[in-house]
Amino acid sequence: MRLVLLGPPGAGKGTQAAILSEKLGVPHISTGDLFRANIGEGTPLGLEAKSYIDAGKLVPTDVTARMVESRLAEADAREGFLLDGFPRTVEQAELLAGMLEKSGHELDGVVQFKVAEDVVVERMLARGRADDNEETIRTRLGVYRDETAPLIDHYADVIIPIEAEGSVEEINARTMAALEK
Ligand code: AMP
């Protein structure tokens, strides 16, 4: 199954992706995690990405898309994947469509995690990641509204909306039920 997970920062995409990955038997591919791993290892990609991430801004699309394309080419992603954090713009969505077309595939769905803004702010502040301070959170929510939310319309015919407030288990159960349809 080839799925994109969409939703504002702090919507719980990463938490849900980890569970779904296990249940569906496809890898969880998080661009944020890939960037953070590169930063941790001090790679050139990590050095390039760090200033954007620290500021809550998007890493340039060419860098991000290249990283995603090489990750999707790995053997474990051949039969499917859960993309978490990519695409984040309509331009990235078009690049993803191009990557999939090359291998004769398409997305099975785009799972949209719906959470109120005050809830995501609370979750992010509780999480305490390096880029989870109030100013960066505000910037990231602005980026989400302006650049990422348009993907909801872009993917209108494959979108799977999930009410994503509640316990981790509840949200997972709703998602599994929606995917079975
Ligand atoms: P996340 O872990 O998904 O919240 O991502 C953390 C940060 O990584 C974001 O605030 C961006 O700076 C960067 N990032 C992750 N995915 C992308 C993407 N698809 N395009 C550009 N920047 C990204």
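Each residue, glycine too, has its Cβ placed from N, Cα and C.
Automated prediction, rather than curation, is the source of TrEMBL annotations.
The ATP binding site feature in TrEMBL is assigned to Gly10, Ala11, Gly12, Lys13, Gly14, Thr15, Arg127, Gly166. Proximity of Ala11 (ATP binding site) to non-local residues of its own chain (separation of 6 or more, Cβ distance below 8 Å) is seen for Phe113, Lys114, Val115, Val120, Arg123, Ala164, given in sequence order.
Here Arg129 (AMP binding site) comes close to no residue that lies at least six apart in sequence on the same chain with a C-beta under 8 angstroms from its C-beta. What TrEMBL records for Thr31, Arg36, Lys57, Leu58, Val59, Gly85, Phe86, Pro87, Arg88, Gln92, Arg129, Arg140 is AMP binding site.
Listed as Cβ neighbours of the region 'NMP' (30-59) (distance under 8 Å, sequence separation of 6 or more from its ends, same chain) are residues 13-14, 17, 67-68, 71, 83-86, 88-89, 130-131, 135-140, 143, 147. The annotation region 'NMP' is assigned in TrEMBL to 30-59.
The predicted model assigns the region 'NMP' (30-59) a mean pLDDT of 97. Gly12 (ATP binding site) sits 15 Å from Thr31 (AMP binding site), taking the Cα positions as reference. Ranking the binding-site residues Lys57, Arg88, Arg127 by how many Cβ atoms sit within 10 Å of each one's Cβ puts Arg88 at the top. Proximity note: of the listed binding-site residues (Thr31, Lys57, Val59, Phe86, Arg88), none has a CA within 10 Å of the CA of Thr15 (ATP binding site).
For the region 'NMP' (30-59), the DSSP counts in helix, strand and coil order read 23 helix, 1 strand, 6 coil.
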